[in-house]
Amino acid sequence: CQANMEVKEMFNLARVPSILMLGLIYVAYVLVGGVIFWKLEGDLGRKDLSQLLLNKQRLLMTYSCLNQEGLEQVAQVVQEASKAGLSLKGNQTTDGFWKFTSSAVFAATVVTTIAGYGNMSPSTTTGQIFCVFFALFGIPLNVVVLNRVGKYMLALERNVSDFLEGKSGRKGCTRFFVHLFCYICGTVLFFIMPMLVFQQQEGWTYSQAIYYCFITLSTIGFGDFVADSNPDKNYPDWYSVLMASWIFFGLAWLALLINHTIDILERLNALLKKGCCGEKTGDESESADNANPDTLMEDDDE
């Protein structure tokens, strides 16, 4: 009997149904997303491939002196020029991607783990080795700094809530509207305004610009859209500085938003378990409190 109790305490069997349910929801979410992407992009991708093959045949017919081998050589030159940040539309010289401003933005994308864009990457052996050690120490430093900035934002938001609650006497309503106001301000500051800037500077559509904003700040970094990387455009000097600032503070705000979302999901999970099981264990209540950013901030302040 004693051994059975120890086994139950070790594996905490009371949490197994909840973990299995969350696992099933996670797998189902991923599979449904895969099916939707497959339906949305699969047919269009096949049409694009057919169009590309047709364009290739037209190119070879138009330029009869260009055979398959010559076409591959041209494609190689275009690919290498694009990777180096050189334009093939004119004879003007350029510094390529590795200017000081773009190099500083690249360093920021490395430590924030957005560097999956693929448009810039070190090609020298020393540069690659330096990148490894730079990221090894820079990524933890970035996590610590973003965590502190996020907690400061949370503390500021909480202080404003407490001040307004003291004036109005309505705790829940006031806190809700403060959160809503912060979300709207963050959305305007880190999504709407950058969307307008990217549309103006890059020539993207609004949907492409807002898509790029989220893919960047969420550190997904597909690389299909990359700002400040078109060799045919002359960007203003402030553009790179604005991008680096937007990335840093946008990551902090999005991390705060994700923490709030996690807290909401934890509370919903606790309510569902309470409704199904009739009660909530002390460990689960303590876990939910630990996941709450407000609780974390209070502990940190103490």
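Backbone N, Cα and C atoms are what each Cβ position is placed from, and that goes for glycine too.
What TrEMBL lists as transmembrane segment is 20-40 (among others).
For the domain 'Potassium channel' (95-153), the model's pLDDT averages out at 80. The annotation domain 'Potassium channel' is assigned in TrEMBL to 95-153 (among others).
Positions annotated as transmembrane segment by TrEMBL: 97-117 (among others). Sequence-remote contacts of a segment are chain residues at least 6 beyond its ends whose Cβ falls under 8 Å from one of its Cβ atoms, and for the transmembrane segment (97-117) they are 84-85, 131, 134-135, 138-139, 141-142, 216, 219-223, 226, 228-229, 237, 240-241, 243-244, 247-248, 251.
Annotation comment: TrEMBL describes 129-149 (among others) as transmembrane segment.
The transmembrane segment annotation in TrEMBL covers 176-197 (among others).
Sequence annotations record features per position, and here TrEMBL assigns domain 'Potassium channel' to 182-266 (among others). Each residue in the domain 'Potassium channel' (182-266) gets a DSSP state, and the totals come to 62 helix, 0 strand, 23 coil.
Annotated transmembrane segment per TrEMBL: 209-226 (among others), in sequence order.
Per TrEMBL, transmembrane segment is recorded for 238-258 (among others).
The region 'Disordered' annotation in TrEMBL covers 279-302.
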